[in-house]
Amino acid sequence: MKRNGILFVISAPSGAGKTSLCRQIVDIFPDMRHSISFTTRPRRNGETDGVDYHFVTPEVFDTMVAEGAFAEWARVHGNCYGTALATLQEAREQGQDLLLDIDCQGAAQLKRNCPDDVFIFILPPSFEELERRLRGRNTDTAEVIARRLDNARREIRELVWYDYLIVNEDLPRAVEEFKSIILAEGCRASRIRSEAGRLFDIDMQDNSTI
């Protein structure tokens, strides 16, 4: 049954395993698209422009902000990240679900403007495990890790307004929980009510007795 595309907004502290989780979900749902954010962050080893991020200069990013090109944008860990408005509009119109992993600042902007979309927060099993994962990457200095841990405490406080919470202690289990959320939201009556009315030639205005 046809419906508009759903935006699944995913946030998590750095090191919670959000990227691994999202990659598996996109593999499971081939019709789902993973939105690629714009960033001023330097490209890391193994990252590809246009695949992991759209890497742009601060000057280009500022121009896009001034032109209203972003549905949301935020400064995180000293770098800017943003989601192109055109990407969201295109996915909705085509009925394509979109997976968007962004920080809490950007998610809050979208929550105010798109309250009917789905907001999911990913947690590590403990703060100690989060620190272990960050140190195990061997990509950040001690100063950067300390800043990420400090930011994590603030970010976790934001989970109260998210729709769902997944604790990523065991990745296969977290994937199953994520998959269940996607399937359930796709079947939500409010999303497919108008299409059901069209198929059965029924006025689906809320005339129920409940």
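Cβ atoms are placed via backbone N, Cα and C, with glycine included.
Taken straight from Swiss-Prot:
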type    : residues                                               : note
BINDING : ALA12, PRO13, SER14, GLY15, ALA16, GLY17, LYS18, THR19 : ATP binding site
DOMAIN  : 5-183                                                  : domain 'Guanylate kinase-like'
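Counting only residues at least six positions away in the same chain, the Cβ atoms of ASP101 sit under 8 Å from the Cβ of THR19 (ATP binding site). The Cβ neighbour count for ALA16 (ATP binding site), using a 10 Å radius and every protein chain shown, is 27. Summary of the ATP site environment: with the site residues ALA12, PRO13, SER14, GLY15, ALA16, GLY17, LYS18, THR19 set aside, the chain residues having Cβ atoms within 8 Å of the Cβ mean position are ILE122, PRO124, LEU130, ARG133, ASN168. The local packing around SER14 (ATP binding site), expressed as other Cβ atoms within 10 Å of its Cβ over all shown chains, amounts to 22. Among the listed binding-site residues, namely PRO13, GLY15, the Cβ with the most fellow Cβ atoms inside 10 Å is that of PRO13. Residues near ALA12 (ATP binding site) in space but far in sequence (CB under 8 A, at least 6 apart, same chain), listed by position: LYS18, ASP101, PHE121, ILE122, LEU123, GLU155, ASN168.
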